[in-house]
């Protein structure tokens with residue numbers, strides 16, 4: 001039996017190597033990393049569940065690998081027979097094992113990317129920027145701008161000082177991996193990285209081997225499934241943990257790299273600490289669009305918790321700074337302040353660890369920083385009191401109420417050190433601290449509020465009806481605007497205590513009350529989703545005025561659907577034409593564009609092109625009115641929701657639309673991929689800043705008129721094709737719900753938000769995330785590619801010369817190239833054979849021809865795509881990405897087959913399966929075995945024991961393997 005196992009392990013390794021598309025490069029370690037983690041895991045699986053269960057995992061892998069090699073549907077049926085013959089406990093273990101192996105494969109790939117990056121940095125050899133696996137390095141970008149594009153170092157420095165990248169973390173429910181597991185994955189990644197370090201000793205290796213074994217086993221023993229949905233407060237705490245763990249220290253570390261990169265192009269001064277190069281905002285606890293769980297109380301709690309956390313992080317660092325600032329020499333300004341503070345200081349403060357006695361005046365910096373420490377302590381305690389009790393006795397003068405109060409003494413210390421010739425000391429930890437304060441302020445992040453436009457209409461309708469002037473809801477757009485402007489120009493209050501309020505109206509008004517009560521630096525933008533007209537913006541301005549919000553939030557319309565994007569330029573023209581509004585915005589406006597809903601509404605092709613045109617148009621209009629426009633990009637993680645490699649997405653934006661100001665969402669699982677580890681955080685900050693700078697200083701070309709004309713024609717055809725299938729095909733919704741796990745999506749408990757805006761309804765009411773998620777699970781990715789094939793076919797059949805034009809567009813126009821490359825990547829991850837299996841098992845016989853026609857469309861679209869890109873095979877220009885996908889495929893295929901058969905058993909209780917006896921012989925004589933315990937983790941399931949957990953585990957595993965949920 002032992003020899004047989006060695007053979008099995010060898011065969012897995014052999015299959016791995018067969019799947020790799022040739023030797024990628026000399027620095028290719030992916031297969032090595034992957035095989036090491038796999039070997040460790042299989043040993044653990046055998047220890048915990050027996051040799052035979054490990055063999056079942058290997059059998060599944062081999063059948064999947066054979067299918068991936070030959071695409072023989074019989075192999076899927078063999079695999080299905082094997083999986084359905086397992087008892088429920090073993091099924092859970094198999095699903096859990098493959099999900100776990102995919103997470104390990106992701107860790108191996110992350111390490112491979114980091115390893116290759118280090119090699120390239122050492123050698124100075126940077127890959128082609130058009131390649132989807134590489135991104136801009138800040139130093140390389142500076143050098144390219146100066147040496148290849150003839151920009152002066154001063155021009156680069158000035159552009160960088162005037163640049164702002166604002167990353168907005170959202171609680172979109174696409175993070176399917178529990179936080180407990182993410183932390184364990186981080187430790188596995190660290191162990192593996194250290195194992196491959198050059199200077200490792202035999203003892204180190206042994207200890208790291210043990211640690212790796214321990215962490216892999218701990219992850220496997222952790223329940224992957226969230227048993228209850230997270231609350232908005234849970235989501236906010238999870239989001240804030242990234243600041244505590246990586247972003248807080250990552251920002252000053254990154255800014256030091258910026259200093260170094262500037263020095264290397266001849267700029268001999270540091271990047272100013274108060275230049276807002278990187279800013280952070282959040283939607284966690286502020287996004288109430290379709291989420292009834294985000295209440296005014298939640299928003300208040302989230303803001304106070306963030307302020308408490310921020311002052312606590314500053315407080316935990318201030319004593320280290322006091323230890324460092326031991327110098328006695330200072331300028332007269334600081335000496336006078338220190339003596340004044342010394343006279344009024346408390347004698348002993350016993351609750352401090354360091355410097356608890358009165359600090360003598362011959363340590364002037366410590367005296368100043370001691371006062372900062374006292375105020376930070378009080379600021380933290382006051383936030384805690386307000387959070388817990390709703391009130392605090394600590395007075396305003398004892399705390400920091402705005403960031404300028406905290407910066408002032410720190411700047412005084414910095415100036416004094418520089419005046420005394422101690423620049424080198426000033427530019428150490430003190431500069432890092434100043435940069436943190438400038439970036440994070442007192443609130444850590446600025447909380448955006450997002451609300452549906454219809455909620456504001458409801459409130460104003462209640463007001464106008466109460467005032468006896470008619471129904472606001474029924475007024476025309478012109479009448480609404482006229483009334484809103486009249487009220488905004490006047491001073492009469494509109495809301496009295498006797499206003500009749502529904503629950504929804506009260507909730508909306510109470511949100512404005514919270515905005516008025518809390519410090520203004522807690523908040524960022526007020527975003528109106530489903531914005532369609534000028535009155536939507538004026539309505540929020542009026543409600544802010546009504547609640548006397550001291551510093552009103554900037555109001556940001558979010559244009560999402562195709563028709564709204566088309567109407568956006570006219571709406572912005574009308575707004576900018578209003579004298580009252582132009583005075584209010586003071587030359588600055590932000591507009592948000594939604595990638596998710598526009599894609600769901602019209603398909604990826606038409607949405608991408610309309611988003612491009614809308615950006616061009618609204619930027620042009622803003623310029624005409626002398627307004628600086630910031631475009632806020634609401635991008636998801638998946639290609640279907642506007643995702644893709646950051647640097648490529650930015651460099652493909654229309655010229656003159658970023659202009660040094662970028663605001664973009666970082667959603668769900670992308671937060672972990674961007675900030676889960678220190679090196680990931682560093683890479684994320686670098687890629688956003690470098691790509692934004694490059695877009696401004698070396699903008700992409702504008703499309704030629706004939707390209708625009710062709711794109712317009714193709715977009716009409718693509719939209720028609722997409723909508724004819726998704727909205728006009730009478731039985732499409734029925735097919736979609738049968739062929740995918742859409743109905744079961746909510747059981748994953750991955751977000752606080754319901755998956756539908758309205759409990760009943762079809763595709764229109766379904767949120768973009770479960771819409772994309774469902775098709776990602778079946779590896780058919782319909783929302784991404786549907787419409788492309790019809791558009792290309794129409795263009796080429798109309799005029800054969802158009803093929804040449806499309807190929808030229810691909811070679812020379814970044815927007816078009818990126819659009820095609822991202823869809824090509826999705827095709828590389830796709831597998832219509834899995835969709836065919838789902839149809840065979842889950843779809844009624846009369847609907848199967850519909851699925852067949854969609855799969856024929858898939859193949860035709862893929863062929864057109866390859867023709868336009870000039871590729872013989874998918875991803876032929878990106879061997880590393882191709883390798884990573886092909887290594888994962890056999891794991892994902894097992895989970896796809898397991899999911900299809902589990903759905904069959906859930907939906908058809910009469911479906912007959914023949915169970916084989918306990919496959920773990922070690923436990924055959926015992927009344928139960930370790931796998932049986934897993935069934936009892938979900939005692940309340942409405943399905944047969946174990947089926948629901950098996951299904952959820954397959955969903956999570958496939959999401960990990962595709963590296964996308966929704």
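Positions of Cβ are set from backbone N, Cα and C atoms, glycine also.
According to Swiss-Prot, the feature active site maps to 172 (among others).
Swiss-Prot lists 600 (among others) with the feature active site, giving similarity to another entry as the kind of evidence.
Residues annotated as active site in Swiss-Prot: 641 (among others).
Secondary structure at residue 597 (D-glucose 6-phosphate binding site), taken from DSSP and collapsed to helix, strand or coil, is helix. According to Swiss-Prot, the feature D-glucose 6-phosphate binding site maps to 283, 450, 597, 635, 665, 753, 767, 768, 769.
Residue environment of residue 888 (L-aspartate binding site) contains 23 other Cβ atoms, counted within 10 Å of its Cβ in all protein chains. Annotation source Swiss-Prot lists L-aspartate binding site at 641, 673, 829, 888, 964, citing experimental evidence.
Taken from Swiss-Prot, the feature phosphoserine applies to 11.
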- Query: Of these recorded positions, 600, 829, which scores lowest on Cβ atoms within 10 Å?
  - Reply: 829
- Cα nearest residue 283 (D-glucose 6-phosphate binding site) among recorded positions (600, 673, 829, 888) -> 673
- The answer, for which of the binding-site residues 665, 673 has its Cβ ringed by the most other Cβ atoms inside 10 Å, is 665
- Item | Conformational class of residue 283 (D-glucose 6-phosphate binding site) under the three-state DSSP mapping | coil
- Expressed in Å to no decimal places, the gap between the Cα atoms of residue 829 (L-aspartate binding site) and residue 769 (D-glucose 6-phosphate binding site) is 18
- Message: Can you tell me the CA-to-CA distance separating residue 673 (L-aspartate binding site) and residue 665 (D-glucose 6-phosphate binding site), as a whole number of Å?
- Response: 14
- Item | Cβ-Cβ neighbours of residue 597 (D-glucose 6-phosphate binding site) (radius 10 Å) | 24
